[in-house]
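K.L.:
According to TrEMBL:
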type	residues	note
TRANSMEM	B:448-467	transmembrane segment
TRANSMEM	B:479-504	transmembrane segment
TRANSMEM	B:510-527	transmembrane segment
TRANSMEM	B:668-688	transmembrane segment
TRANSMEM	B:703-722	transmembrane segment
TRANSMEM	B:734-760	transmembrane segment
TRANSMEM	B:831-850	transmembrane segment
TRANSMEM	B:857-879	transmembrane segment
TRANSMEM	B:944-963	transmembrane segment
TRANSMEM	B:1016-1036	transmembrane segment
TRANSMEM	B:1048-1070	transmembrane segment
Amino acid sequence: MKDTDIKKLLYAHLLCIFSIILSVLIPPLFLENFSILETHLTWLCICSGVVTAVNLVLYLVVKPNTSSKRSSLSHKVTRVLKCCIYFLMSCFIFHVIFVLYGAPLIELVLETFLFAVILSTFTTVPCLCLLGPRLKAWLRVFSRNGVTSIWENSLQITTISSLVGAWLGAFPIPLDWERPWQVWPISCTLGATFGYVAGLLISPLWIYWNRKQLSYKNN
Amino acid sequence: MQKISVLLFLTWVCFLFYAGIALFTSGFLLTRLELTNHSTCQEPPGPGSPPWGSQEEPRACWMASRFSRVVLVLIDALRFDFAQPQRSHVPGEPLVSLPFLGKLGTLQRILETQPHHARLYRSQVDPPTTTMQRLKALTTGSLPTFIDAGSNFASHAIMEDNLIKQLTSAGKRVVFMGDDTWKDLFPGAFSQAFFFPSFNVRDLHTVDNGILEHLYPTMDGGEWDVLIAHFLGVDHCGHKHGPHHPEMAKKLSQMDQVIQGLVDRVENDTLLVVAGDHGMTMNGDHGGDSELEVSAALFLYSPTALFPSAPPEEPEVIPQVSLVPTLALLLGLPIPFGNIGEVMAELFSGGENSQPHSSALAQATALHLNAQQVSRFLHTYSAAAQDLKDKELHQLQNLFSKASADYQWLLQSPQQAEATQQTVIAELQQFLRGARTMCIESWARFSLVRMVGGAAILAAACFLCLLASQWATSPGFPFCPLLLIPVAGGLGGAVVYVGLVATIGLRLDLVLLGAVAAMCSLLTFLWKARAAWGSRKPLATLLPLPGSVRLFLLIRLAAFFSDSFVVADARATPFLLDSFILLLVAQLHWEGQLLSPKLLTVPRLGSSSSTGLPRYSGAYALRLGVGLLLCTRLAGLFHRCPEETPACHSSPWLSPLASMVDGRAKNLWYGACVVALLALLAAVRLWLHRYGNLKSPEPPMLFVRWGLPLMALGTAAYWALASGADEIPPRLRALVAGASVVLPRAVAGLAVSGLMLLLWKPVTVLVKAGTGAPRTRTVLTPFSGPPTTQADLDYVVPQIYRHMQEEFRGRLERTKSQGPLTVAAYQLGSVYSAAMVTALTLLAFPLLLLHAERISLVFLLLFLQSFLLLHLLAAGIPITTLGPFTVPWQAVSAWALMATQTFYSTGHQPVFPAIHWHAAFVGFPDGHGSSTWLPALLVGANTFASHLLFAVGCPLLLLWPFLCESQGLQKRQQPPGNEAEARIRPEEQEQPLMEMRLRDAPHHFNAALLQLGLKYLFVLGVQILACALAASILRRHLMVWKVFAPKFIFEALGFIVSSVGLLQGITLVMRVDGAVSSWFKQLVLAQQR
């Protein structure tokens, strides 16, 4: 039972990674002059869209939590609307946090906002898919002993590693190497992406290794 | 543990750090060896008599003089582009019009009309670009080293051979007028001198007008051979207004008139030299080595033709020291012994219509003399000091012998082709440039042994702090042996060292003495510690740092090893601080301390979590965190850019209001500053009011009520005078000048008297005796019989009262029999913090006055920020009732990070040009005369204000959680509702004990203070250790003098200031503690009567 779950998790994560790789490889076939560094904003939009889509598809196919009892249409619609609002809120909150961290307030607003969008894609979208728009559940998952399934556990790991990746991405900015990727916010978006990918890879492995110690309270 | 021994222990640890810093510094910042040899006329620099020997012409020395008189006009900070001719406007390009461009029209006119008589050079200055170093270089031709940078305002006579000395010994009459730095450098060298004070950088005109008063009369009088005029107006204008101010245009136009006047007056035998000693940055500062600082203008003019060719399109770049040998040979003097400059060969070619052949020969002769002199100097120097590299020296010697041989051959057969002559000239120049390069490279010499020793002492001291801080709160801390034996060991080591030195007969080196003492006492400490510790506990407990703190410290320390990160430290520190704060909030959430356990555990399982009641809601901590981020970001707006990042723009808000041109904006800003001041005042009063200490009739609180507003008023008035000084009507000038002297001094005096009052009577409580005292806010209530249950005793009856009960039971029994007598003492619970906050406010006001007006907003933010941080930290610390009390590492490191962040947000940078020299004139608008310690103190207080405030405020980290107890209790009491209240009788419903908990366990209190001090010293100590290691490992790095060395010096000074502040903060807490004790004794005695 558990091993099959972990396998499922692994395949889902591999699909996510694959979608990110595709978002790098496919656009040059259709768009001229596409490169991650030079047309960074385009890539950000594409990557964000692709990752969101894959997450949604995965959620519909795998259905990790089957807890929704009511399934009337209006309930579903409000749920989707709520999810959208949550996503937008998280984008704005991230944007504010970036500005508080020292990002320029007026210049490069679009860049900063798209960074917020991609970071929300890596963190908020999986949360919304898995936990739904319930803040209490989120708070529970991100605290000690609050995890109830391997899906939530992997969510915890990928979210934290995306955030840490984005944070580490800021470190090369002051260095005097004069590389094109050291410009705000490219290094941070790349860091977030690498962090997300690393989280996707690490979480199934970590769960596999620790499967003896992990005992979720609902099982 | 006694209070005094805690202080002694901390002092001893500080001494260890100081000894390490001193030893490292003595190995890292070495001076160049100054030779006292002199060149003389009778002794030419090398064999081979010059073509015109001394026998032919009596006045000639090494070379025949071409000019008998020189006028040297030194315009301080005359950057190259100030003098650069403005090309006629090209239609395609936009016309740039800056206040400093194209104002020296005379130069341009002369260069165009008399191209063979004048020449403009871009002179390349060697750092440090401070005036005294430049004057040394301009007269000796050598390279003043880094360590001299500090003695800019206490300059000493030049011991090395120099131009002025050569001039006087040749019997020339040297007349000087201008900057009085020359008086210290060349005491008694001038036949006539008019010195004007140089230190007051706000004064643009005194020096220049003084010079102009004497310049033309002296020139016309003819009683001179060399006339030196050192104008300071341009430099002072740069410091005061920056180069982009209209005032700069006025000043430069004035200089232009001066040059015009001189050009009209100079005669045929006179050379006119107009030189800048260094440049200035975009802000008008100097001292570093950015491109703008090291490019100065140099202009030569003579009524007789000087140059064989017209000037090149783009002015030539020459090293500044080239002027020294050139002037010496042109005047027929020996080149100063230690000169490493290269003559400007062009000037020796003999005018407009000389033969190309003979002109080349003359150039070669001048260069050869110069090369001989440099070779002789290198020979002598390498014999005296071993710091020049043998290999390079050997190569240079070979080069010189070859060039010399070629030159001799050229002399013997004068009819050589021009190509041969050019080869000889090129060879000589190659030698001279090689020698100069080698000197520049090797005069940053290090003593590795001392550096390693210093770093080792620092590392051991850090280890000691870590060990002792872990150990201090445990009960079995063998305090006395751990303090006394190491100190005895250190003294023993010192005595042995002195004995050794005395027997061998070496000079006693204080730095080494301190290092030996520190080393001995450290070794004895470690030995003692191992004996007492090693057997009992595993070594793993030696690393008590929590993971997050370790991570952040590591990042911070690693950043010291990268020049990019040191330069970007002003941005990186807020980033780290923000991350640290968010991590703290996240950790609190992770640990489940922010939300009620119901939310955090799965509903089915029920709330069986044992975390206890949370004291704070999640939203509260989140608000604190966001508020902190916001404050940090706002403080970051007051950012000063280091010179190394040209893309970055310094905040315009750092300049004083006086430099603003727009009157309306000035008024608005002034209003904002006063509002910030009032808000600071109101916040402090509100805080004291909230905890009730403001009601106390004790003198410190009276001072807070009346003295503080007075100080704020004085500050605001001083700002008004300082910012509007230029618009004052003339008849009020004297009054305003007097007020701008008196006001800052009055504020400082008030602050000092306030601090004195605070030290005299630090207990700020309100005592009321009588039966009708309101009981809701009492801490001390009458003893009305034994408590009914044990639970009541634990919860209701104040600990402090039990303490008294045990001590004075008998006496109180008697009191009771006389009837219920009530003594109500208010605000005991915040008595320590109230004293601390008052002291910090009193300290902040004079420091505020030393900064530019708009920095007051940052000071307001500083107080807000530390208030929020303290609350946030307190949210994570559970209250320990009976000790041992500890301050978590997170708190200490966040505090230290915030101190660094405030250092940057008050407009400082760890580089010398960024020092706020203005601070020295607050209260002393006319300078300080000859005293140097007072301006140094003022500038130091300005630079290290944030270090000082945060270090003094450090004990608040220990006190604050207890203060927050009251909030927590109120919150806790409300929700349980009426049932609990009903159970408690009204008279027993007490205020929480708050800081009196500390008093209840004096032993633990002292231990906690010691631990806090050690932790703070550790966090600062590892930073200075990392700086020292970075500076020593990267000592051959390109940026060592620009980035790492200044960073080390600033960190070291900051450490010293912080450690002193820390000791004072802890002393203050102990003074309050002592006063509270005696207050209790008095109270009991009074009750007894």
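Here the Cβ of each residue, glycine as well, is placed from N, Cα and C on the backbone.
Surface or core, plus neighbours and distances: that's what I need for these features.
P.N.:
Same-chain residues lying 6+ beyond the ends of the transmembrane segment (B:448-467) with a Cβ under 8 Å from its Cβ atoms: 13, 16-17, 19-28, 515, 518-519, 522, 525-526, 529, 533, 542-545, 1014-1015, 1017-1018, 1021-1022, 1024-1025, 1028-1029, 1032.
Tertiary proximity for the transmembrane segment (B:479-504) is limited to same-chain residues at least six positions away from its ends with a CB under 8 Å from its CB atoms, namely 1, 5, 8-9, 12, 468, 512-513, 516-525, 528-529, 532.
Long-range contacts of the transmembrane segment (B:703-722) within its own chain (CB-CB distance under 8 A, at least 6 residues past either end) are made by residues 656-658, 670, 673-674, 677-678, 681, 684-685, 688, 694, 736, 739-740, 743-744, 746-747, 750-751, 753-754, 757-758, 838, 841-842, 845, 848-849, 853.
Long-range contacts of the transmembrane segment (B:734-760) within its own chain (CB-CB distance under 8 A, at least 6 residues past either end) are made by residues 699-700, 703-704, 707-708, 710-711, 714-715, 717-718, 721-722, 725, 728, 835, 838-839, 842-843, 845-846, 849, 922-925, 1068, 1071.
For the transmembrane segment (B:944-963), same-chain residues at least 6 beyond its ends with a Cβ under 8 Å from one of its own Cβ atoms are 691, 829-830, 832-833, 836-837, 839-840, 843-844, 847, 850-851, 862, 866, 870-871, 873-874, 877, 879, 885, 887, 891-892, 895-896, 898-900, 902-903, 906, 993-995, 997-998, 1008-1009, 1012-1013, 1016, 1053-1054, 1057-1062, 1064-1066, 1068-1069.
Long-range contacts of the transmembrane segment (B:1016-1036) within the same chain: residues 10, 13-14, 17, 20-21, 24, 28, 444, 446, 448, 451-452, 454-455, 458-459, 461-462, 465-466, 469, 553, 556-557, 560-561, 563, 566, 892-893, 895-896, 951, 954, 1044-1045, 1047-1048, 1051-1052, 1054-1055, 1058-1059, 1062, each at least 6 residues beyond the stretch ends and with a Cβ under 8 Å from a Cβ of the stretch.
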K.L.:
Go through the chain and flag residues at least 6 beyond the ends of the transmembrane segment (B:831-850) whose CB is under 8 A from any CB in it; none is fine as an answer.
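P.N.:
Beyond its ends, the transmembrane segment (B:831-850) has Cβ neighbours at 677, 680, 684, 687-688, 691, 693, 700-701, 704, 708, 711-712, 715, 718, 744, 747-748, 751, 754-755, 758, 762-765, 856, 859, 862-863, 916, 919, 922, 938, 941-942, 945, 948-949, 952-953, 955-956, 959-960, 963, 995, 998, 1065, 1068-1069, 1072-1073, 1076.
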